[in-house]
Amino acid sequence: MVGRGPTGAGVLVLSILVILTTESCGAQKGDGCGPSVLGPSSGTLSSLGYPGTYPNNTVCEWEISVPRGNRIHFRFAELDIEDRDCQVNYLRLHNGIGPERSEIVKYCGLGLKITELIESTGNQVTVQFMSGTHHSGRGVYLSYSTTEHTDLITCLDKGTDFPEAEFSKYCPAGCLTSSEGISGTMPNGYRESSPLCVAAIHAGVVSNAVGGRISVVSSKGIPHYEGTLANNVTSTGGTLSDSLFTFRTNGCYGTLGLESGGVADTQLSASSVWEWHGEWAASGARLKKAGLAWAPSQSDQQPWLQIDLKREKKITGIITTGSTWREYLYYVSAYRVLYSNDGQQWYIYREANSTQDKIFQGNVNHLDEVRNNFIPPISSRFVRINPTLWHQRIALKLELLGCQIPADVALAAVLVPVVVMVLTALILIVVCACHWRNRKKSSEGTYDLPHWDRTDWWKSMKQLLPSKMVETEDSIRYSSSEVGRLTGRGVVPRLHAEPAEYAQPLVSGVTTLGARSTFKPDEGPDPGYSDPDLYDAPISPDVYHAYAEPLPASGSEYATPIVVDMGCHPSGGPSLNQPTTVCSFMGAGPASLLTRTESSQSGRSAYDTPKNATGPVTATEDLTYQVPQSSTQKATGQMMRDEKENADYYVIKTLSLFCDS
C-alpha cells in the first residue's frame, strides 16, 4: 500500500520528469528523443531507447543555446548508427538554429569512435538525429558544454580511464540518464570501474541538473564496497578491487546536532503527533536514536516537521530513515524541503536553473538510510520537511548536514585572537599593579631623604668626596695591569649602603695610590683562582661582608710604611769651624748611601736604622718587617727580600728628588 498526500499522483509524475528532463536553455522536438538534459552551460543528449536499439523511422532535434560570447563543443560517449552512406540513419550537427543554420558535421556507422571535440562557431547549435529502417544500433549518447571547460568528459567515463593519482575533470549535466551502475559510497570511496560523473552525483559533489567540476583522488582498493541510495542514485555492494577513487570536497558535510543532541527537544516541532502505543512526538525524529519516530495524526492533511537551528547555518544535505521498527513498516518515500530565516515566510527548495519545486526521493524501506544533498546549499535558521509520499503512514527520523556560515567562522577567527590578547593584557596589568602595591607597602617605614632634599644632599656630598685623588710627591704610581691584580679575583655581589659608612673601594682604572698603600707587587705569574691574595684583609671564616672592612684605629693592616725625614739637619765635626748642611735619612749622609752598591749587608746597616736609633743594628732587627696579612699566612723569605729591595729602591729615589730640590 502506498499512501499519498493531496497531490501525491501529480508529485510522483513530476519527480520522474525532473529526473529525465529539466528546465534549461534549449528545446527538443520529435519522436526519437531519449532522456536528455539541456542546461545553460552543459547537458547530455540521448536517442530514444538508449542503450537499447533505437526505433525505426524516428526523428529528434535538440536546439541548444548558451550565453552570448560563448561557443559550444561536444564529446561523444557512444555513436552506433546502422548505415554506411548516411542517407537514412545519421546524426548531424548545425551551427545556429532555424532555416539559416549551417552544417558542422554528419556521422553514421556502427561502433564509431570519435575522440576529438566537435566545436561550434557560435552560441547556438542544432543537433538532428534521423532513423529509417534498420536492424541494429544503440543510437547516440553525447554531452556538451561551453568551450571554457576544455576537460569535459562524458557520463560513461570511468575511473580506470584516467591513470593519474589525482586529476580534475568537468562533468556535464544530466548524467542520471546513464544506465551504468556504481559501487561504493562516500567517504570510503568508489570502485575504479564506476562512472566518475554518476559517482559524483551519488556523493553529492555535483548535481544532475547543473553538473560541475570534480577533483578525483585515486588510491588502493578495499575488500568490500557498500551499497546505498543517495541523490536518486543507487550504488551496489562490491568486492575487492585493485584501486578506488574518492572526491575532494569543501568539508561542509558535518552533522548539525539532531543525532548528537546538540539540537534540543524544544527546537523540534511538528504539525501534529500520533499517539499509538506511546507518543510519536517530534523529539523522536532523531537519526539512530532508539524509540519511536515522529508521525503525524491520521487526520493531518498538511503534515510537516520543523527544526529550529537557533541561528542561520549552511545546510548541504539531509539523511532520512523510517520507523526502524520491525513492527511498524512506516517510511516517507518522497518529500519537499522548505526553509525560512524568521519562521514566518517560507521558501520551497528548487534546483539551480529550475522554476519547479524539488521533490526529493525518500526511503524505500523502514530501515535503511537515504541521503540527499542540496546543490546549491541552503542558508537558513528554520528547516521544514513536508512529506508527499509514504508507505502505510508517515514515520520519519532525520539528520541535517552542513556547517557554520563562512562569515561567522571568519568573524570567530578574528574575535578569538583579539579576546585572548585583551585578556592577556588585563592579566598583565593586574599583576603589575599588585607588584607595585606590594613594593610600595614594603618601602613604607624605611628611612629615606625627602625627594626635594636629594639634590642638595648629593651636592654637599660631592664636596666632601673629590672626584679625583690629588697626587702628591709621596704618591706611588702603578700601571693599570698592576692595579688590576690588586682588585681581587672574584666578583662579590654588592649591596647598597650609605656612601660614608666605609672606606672607598679601589676603582679599576685609577693608577695613583696614596702613601698608605703597600709596596709594588712582584712581577711573578698571576696567582690562580684558589690561591689566596696576600693583600686581602684577614676575614673571619664565619663572617662575610659585602664591602671591605673599615680601617682599624690601631694601625695599618699592611706593611708598616717607611717614615721619611724630609728635613735637612745641620751637623758639624769637631775639627770644622763652619757648619755643614747634610741631607740625611736614618743614617750618616749621602756618602754612606754609596755603600749600598758595594755591600748589601753594610747598605742595610746604613739606611735600615730607624731615626734616633742608637747602637748597632742586628740581623734580626734588619729583617723584621710586618708581613702582609693573609688568611693563610704563607709569606716566604723570598717575598720578604723582594719587598725589601723594592723599598730600598723607592727610598733612594725619594731622597734624590728631595735633595735636588
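Even glycines carry a Cβ here, placed using N, Cα and C.
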Going by TrEMBL, tell me which one of CYS25, CYS33 is disulfide-bonded to CYS60. CYS33
As TrEMBL has it, region 'Disordered' corresponds, among 471-491, 597-617, to residues 597-617
Ten-angstrom check, please: count other Cβ atoms within 10 Å of the Cβ of CYS60 (disulfide bond), all chains counted. 25
Which residues in the same chain, at least 6 apart in sequence, have a Cβ under 8 Å from the Cβ of CYS33 (disulfide bond)? SER47, LEU48, CYS60, TRP62, PHE129
